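Listed in TrEMBL:
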type	residues	note
DOMAIN	46-289	domain 'Amino acid transporter transmembrane'
DOMAIN	297-500	domain 'Amino acid transporter transmembrane'
REGION	1-26	region 'Disordered'
REGION	287-306	region 'Disordered'
TRANSMEM	50-71	transmembrane segment
TRANSMEM	78-100	transmembrane segment
TRANSMEM	138-159	transmembrane segment
TRANSMEM	180-196	transmembrane segment
TRANSMEM	202-229	transmembrane segment
TRANSMEM	312-333	transmembrane segment
TRANSMEM	353-374	transmembrane segment
TRANSMEM	417-434	transmembrane segment
TRANSMEM	440-458	transmembrane segment
TRANSMEM	479-500	transmembrane segment
């Protein structure tokens, strides 16, 4: 029996979005049919297509990772740099097609829906692998929120330094600014935003973040093109193999930086953690009336979600790869082997200072929203589990309504206040202790690439397709998985070594980059 309030909410939700939910009776009156506003699983009808799916992918992938690509190409050179970029794009696309088939189980078209990555792993693999998936996924999200705190503070500092360099001259000593106070400011903003329940429903946040990420990426690309076209590139040196041993780096530094660059590129392609969630938003078919009449729980989509998601992945990853190759290669052409770790805050560009300021403000705004997008799943996971474990605890479950002028009632929860505030404080403190952009990005990319992008998609495909052990297909999939594990390990080692070297010369809470 349907809940009247649910039906009313559905009617309001679909008033402008779903004309098919309205029917005309014998008397000619228009009526709302809540059954047609629901998907095959009883949830509000999904309206996404492969176009919106590819847009979500592009938005998720193109972010702060693009800022380090010129540096990564500089470590690898004209040959290995683009090859590694393309290799990661092919691997990411291939495994994303496997992951798209895991959205439903046991059949990829008509099976039961899995709404999250962990649900998919639970349905196909089960056991300890579900916990390992959760550890990898949520650990990755924690790392990303720490990394975004670092990046946002560096960008705010870059605005102050850019204006100072414009007034005092390039390289002026008085233009040194500490990152620490700006990490604290970023943390204060997040303390406020984190208290808003159901923050993910504010769709304008994702739209704003997407616009900002495209804005600063295009500004960076444009400045690189202008630098190359200008021809004034004294001392800029590019090579087929990247930074040269004995000239820019030692042999050991060359090895470690190469590994770290691989980690940075892996971070730039990380979106597997949210692919299932994107697919869950795709619309279902409307032409399976016979199944609906029979009351079946699952309906065939037309086109099926997995096929649409594969199209979305192809379009999204192709667009992203073209953009990355442009940013990385043009950035390398502009700066050469001395490319800064972050090409908008490392002051490879000094003028026009106002445009660089706009780009860095865009980064900061993007990361304010992106921090919330990535920490909300962590909040939801902890809070839902605590409520299940201690349902009678008023500290955890009680909501206190507070009336705010012009907004209405806002529900306040003590557990949410304490837990979310503690999480923000911990991430900010970690960012203050390890404020190293490239090293941290490389470590996050290395840690998440193999388990989330490669291992689980391949293992779920083998389990679902019942591929015989030691068959040709099984062997090649295992070779791919183990190769990517080795790549992830060397990238992690390179990033850890970079962190160790950076920590040796850094005084926490006292100085900034």
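From the backbone N, Cα and C atoms, a Cβ is placed for every residue, glycine too.
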Interface check, the transmembrane segment (138-159) with the transmembrane segment (180-196), three or more C-beta pairs under 8 A:
yes
Apart from its near flanks, which chain residues at least 6 from the ends of the transmembrane segment (479-500) lie with a Cβ under 8 angstroms of it?
91, 255-263, 266, 434, 436, 438-440, 442-443, 445-447, 449-450, 453-455, 458-459
Positions on the same chain near the transmembrane segment (202-229), where near means CB under 8 A and six or more residues out:
55, 58-59, 62-63, 66-67, 70, 196, 323, 326-327, 330-331, 333-335, 343-344, 348-349, 355-356, 358-360, 362-363, 365-366, 369-370, 372-373
Quick one: do the transmembrane segment (353-374) and the transmembrane segment (78-100) reach 3+ CB pairs under 8 Å, ignoring pairs fewer than 6 apart in sequence?
no
Close approaches to the transmembrane segment (417-434) from elsewhere in its chain (Cβ under 8 angstroms; 6 or more beyond its ends):
142, 145-147, 149-150, 153, 179-180, 183-184, 186-187, 190-191, 194-195, 375, 378-379, 382-383, 440, 499, 502-503, 508-509
